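*Asks:* When I checked TrEMBL for this same protein, it listed these features:
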REGION    1-23  region 'Disordered'
SIGNAL    1-40  signal peptide
REGION    116-139  region 'Disordered'
COMPBIAS  116-130  compositional bias 'Basic and acidic residues'
ACT_SITE  ASP177  active site, charge relay system
ACT_SITE  HIS213  active site, charge relay system
ACT_SITE  SER385  active site, charge relay system
REGION    441-474  region 'Disordered'
COMPBIAS  447-472  compositional bias 'Pro residues'
Amino acid sequence: DCHSTPPTHRRAAEPPTHRRASRDSMPFVLFLALLASATAAPTTKGRRANEQPKVRLVVTGETNVARTTRGARASNRVAQMAAWGGNVTMTIRAAHNTFTVVEVADPNEARLFKEQAERSGLRVEEDQRRYPGPSVATRTQPLAEETPWGIERVYNGAVPNASFFPSAVTHPLCIIDSGYLLTHPDLPSDATAADPLQAPAGTMYFGGDLCNHGTHVAGTIAAIGGDGEGVVGVFPGAPGLKIVKVFGEAGQLDDPPGWPNEACGWTYASELVDAVQRCVDSGAKIVSMSLGGGGPSSTERDAFQTFFDDGILIVASAGNGGSSSYSYPASYPSVMSVAATDSSDAKASFSQFNDEVDIAAPGVDVVSTVGPPSDPGYDSYDGTSMAAPHVSGLAMVLWNKYPSYTNAEVRTALEGGAEDLGEPGRDNEFGHGLANYQGAEMRLGAPSPPPSPPATPPAPPPPPALPPPSLPSCPLGDVCATGPCLITDGGS
């Protein structure tokens, strides 16, 4: 969810996302009616412009067919769904569950498929689209290294020096987006990722990013500091980043009409669940997502709750609609929803506001890393997409400095330590307030350094000298019968 409005560009329209006024899922019949009447943008990857759009569904649960082995169940599931008119395009195993993605020919076939599947105990719903935000800006390359204003803001104006940050991480961060330009000199070169879901060989390589959205997000988190060029991230040079690419390259996806960057495209809720599972499988503990869409998904909601319950901290952008609409996955309770502010600490005009916003962060005129056409380069973007990585970056610093805490405790510390903006207390525009590292660290109750051992006590003083013994006296010439005696006439 990012956008920019330079003087020489007209802001592109937001892509169609079926936004809802309510958090409840749209009734399936209403969804099908809308789908049947829409002239719409394409619904499948790489389809021809004159191809009839198909309806994409996600199915959860086991069919009431033979359950001998896992392979047999899968074969029976495909056969059964084919008998109902569905084409199984993929099976996703994530969040301790199995999700089957099905395409049917048209809305009427979707209705019939749903009726038959539900009689067999399955849950069927629309597989909602998820988008990155448009990105239309360019910027002159910085003359020298600069610290973006947002980085300074979340550190109270005093960005720590290099020795402050952990040199190794126990809680890696995973970015789900459009890729990561591995050749950018201002980004860590050790980022790794699993291959994206069912991508043709070589077409969704995570280390390239024609969209630039993911590379910009990554720079806000991890741009290298102290190298004399470009920008500095929240965690400069953050080691061990994991990258999962879910948005396509140019020519791989047909984009909605008016979409300003044809290299971005979209993904689906089911594939986003798969992407988070890939992050988890790679060892990540923090997931950063600058993306969203207006349609809720029960499948996605339940999976994200499972990920959170399993100890994963998930951060997502609140959305750029400038309204009180909900954007998903940010608006699920298990996800930290991040709103955007400007350099005056005001709510950004585009930032969505609702009762699921958890925290705010800088999201206007955010300078960060990009790739083509200024390869490598630096652009200034606006959006809640730019706000979210400030929060996930802080979470990475905090959790790796204090690794004994849980994901819930780190989230509570970030929210409780935020700088209150707007109405006192939590509000719909800023959530708990502006993200602030020092406040979060204090809320976490970071352990104090152990006390110094006590000094060695001084040696005790020597005992006082004993007085000389007392001797009896005797006159000169007498003999002391009892032993030595003191002669009183000057002799002894």
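Glycine is no exception: its Cβ is also placed from the backbone N, Cα and C atoms.
Note that the structure is a prediction, hence the values are computed from the model and not measured.
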*Asks:* If I take the alpha carbons of SER385 (active site, charge relay system) and ASP177 (active site, charge relay system), what is the distance between them in whole Å?
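*Replies:* For SER385 (active site, charge relay system) versus ASP177 (active site, charge relay system), the Cα atoms are 10 Å apart.
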*Asks:* From the Cα of HIS213 (active site, charge relay system) across to the Cα of ASP177 (active site, charge relay system), what is the distance in angstrom?
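*Replies:* Just about 7 Å between their Cα atoms.
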*Asks:* Sort the residues of the compositional bias 'Basic and acidic residues' (116-130) into helix, strand and coil with DSSP and give the three counts.
*Replies:* 4 helix, 6 strand, 5 coil
*Asks:* Note down the number of other Cβ atoms within 10 Å of the Cβ of ASP177 (active site, charge relay system), including every protein chain shown.
*Replies:* 30
*Asks:* Within 10 Å of the Cβ of HIS213 (active site, charge relay system), how many other Cβ atoms can be counted across all chains shown?
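*Replies:* Excluding its own Cβ, HIS213 (active site, charge relay system) sees 30 Cβ atoms within 10 Å.
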